[in-house]
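Under the heading domain 'ABC transmembrane type-1', TrEMBL lists B:86-294. Annotation source TrEMBL lists transmembrane segment at B:37-58, B:85-111, B:131-148, B:160-179, B:208-225, B:277-298.
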Amino acid sequence: MTTEFPSTPTSDLWKPNRQRSQRVELIVKLIFGAFAFVSIVTTLGIIETLIFETFKFFQEVSLWQFLTDDKWTPLFKSAKFGIFVLISATVMTSTIAILVALPLGLLSAICLSEYATPKVRGILKPALEILAGVPTVVYGYFALLFVTPLLQKFVPGLQGFNALSAGMVLGIMITPLVASLSEDAIYSVPRSLRDGAYALGATKRETITSVVLPAALSGIVSSLILAISRAIGETMIVTLAAGQNPRLGLNPLVPVMTMTAFIVQVSLGDTPAGSLAYKTIYAVGMTLFTITLALNVFSFWFVRRFREKYE
Amino acid sequence: MTIDNPQNFGSDRPSEASNFNINLAGRYKLDRIFESLTWIAVAIALLVLATLIIDVLADGLPRLSWDFLNNFPSRKPEQAGLKSALFGTIWVMSVVAAVSFPLGVGAGIFLEEFAGDNWLTRIIEININNLAGVPSIIYGLLGLQVFVRYMEPLTGGRSILSGGFTLALLILPIIIVSTREALRAVPDSLRLAGFALGANRWQVVREHVFPLAIPGILTGTILALSRAIGDTAPLITIGALTFISFLPEGLQSPFTVLPIQVFNWVSRPQREFHDNAAAGIIVLMVVLLLMNATAVFLRNRFQKKAS
């Protein structure tokens, strides 16, 4: 159906140009759709790159060596590729980090959502979030040049580079993540559950520990897992403060080398593409990617499986 | 009817009457201890933040001067400065903003306004969630392979362009998510009014929805950019140099940025370089603070206009 317009001199201005606007819309839609596709391409790119170079790595080094060697010396003449040397360091720093972040983050979350008045909460929450916005290289500086000298006064035998202070500062870094995600979970527990507990004679602490926290458990656990995954992938703190000495074992007082620190060490040197060292950082990256991806997927699954739904 | 012991609440076993002991005073005492513990946890976190800031200021402030900002890096700590790192950061962040803003906002608009709820959008959504959890150093490995090696003729290898592209990919998920949230906050009645006037979807988005969503989008973008500015690991991986004594001449020139310069100074043994690092951290934190303040300012300003 065509629309009749009065034939005045300006009538052309009023004519709708549907075809043109539909064409424009289609073009915009295609372009923006392509933009949305960039995220898929990024993922594929990451996976392709890692698999491609890791595959070439395993043509020179056997998987058996990679998993069972007890030394990590890929840059030496007698190269050894025991990935568990690096994994042990990563596990150690992340464990220390979570030992710091779990009590700090969870208790802060409880404080913010249960005890603080809305006004105080409005001040404290952004203040805690500043901690999350501090660049990690700043934390590295703090760990190496403030926390380590401080700890050396109390902990005998603590070396200049060590997993302990790196892990503790890592824990401070992920505390806001734990706090804010756990707080969301705790906050969304409905009031009626709390009222029920009060009506049964429970005190506020009893209500929190035996009713609210169990109800928010899925959110809390998933926040912890995400925080662990963040700690495992963190680079600058452990590179600066934990050192560059690949060492198998769980002694937090001596220098160690995490997976991320190794990638940085190789990247700082001049590594020609195609060399074994170049392939090695991709093999290490692949290991790191697999571990963090598994943790993230597990966290999503956990929330879906165990979330308590209240209407 | 038996009265259950309130302390055994939740257990199936009926308690014996002799166990019945309310002990209110003791429980309230525990309550107070618990509450103080939660406050102590918050206090510790904030105390660490304060200590960090004071420590950096104490070490770095004496070193901060115009010369420090205007000198190139040097082997002599007292002559070393931030000039190349500052310019490098500005160059790289311009590339990051120019690439990630249109890509992220476009993708956000597509997912929120154009694409329906089908398997493709759901895959993209899950994918974006997963990408947000990938460690930043992995993006560095991607950038090293794709931008530095495969696209060398275009990017010039370990250049500003490669670094900018890598960081843009890193913050893309954040921008997409905040764009979608900003669009979702625009009431549907506006869209319906637009459709009722005969506008098609793109016209409605362009003229009505997008202008209202701009403050949210800008805030999210600036916060994402401030994350990119502080992120060091991917740039080290793609091979940003730590010692550059010239200004970048173009997009294909080698570069250094503030956090990498700080990293370099921290990892040197001499104490004087550590003070330089602290001064560099102050500059970096001031830049971050300014960006965050801009985000807050923009949000307030646009919010007033829209209402």
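Each residue, glycine too, has its Cβ placed from N, Cα and C.
Keep in mind that TrEMBL annotations are predicted by a computer and have not been checked by a curator.
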Exercise. Any residues 6+ beyond the ends of the transmembrane segment (B:277-298) with a Cβ under 8 Å from its own?
Worked result: 55-61, 63-64, 68-69, 82, 85-86, 89, 215, 218-219, 222-223, 225-226, 229-230, 258-259, 261-262, 265-266
Exercise. Any chance the transmembrane segment (B:160-179) and the transmembrane segment (B:37-58) are in contact, meaning at least three CB pairs closer than 8 A with a sequence separation of 6+?
Worked result: no
Exercise. Cβ under 8 Å to the transmembrane segment (B:208-225), counting only same-chain residues 6 or more beyond its ends: which ones?
Worked result: 93, 96-97, 100-101, 104-105, 108-109, 113, 171, 174-175, 177-179, 181-183, 185-186, 190-191, 193-194, 291-292, 294-296, 298-299, 301-303, 306
Exercise. Cβ under 8 Å to the transmembrane segment (B:131-148), counting only same-chain residues 6 or more beyond its ends: which ones?
Worked result: 155, 157-158, 161-163, 165-167, 169-170, 172-174, 177, 231, 233-239
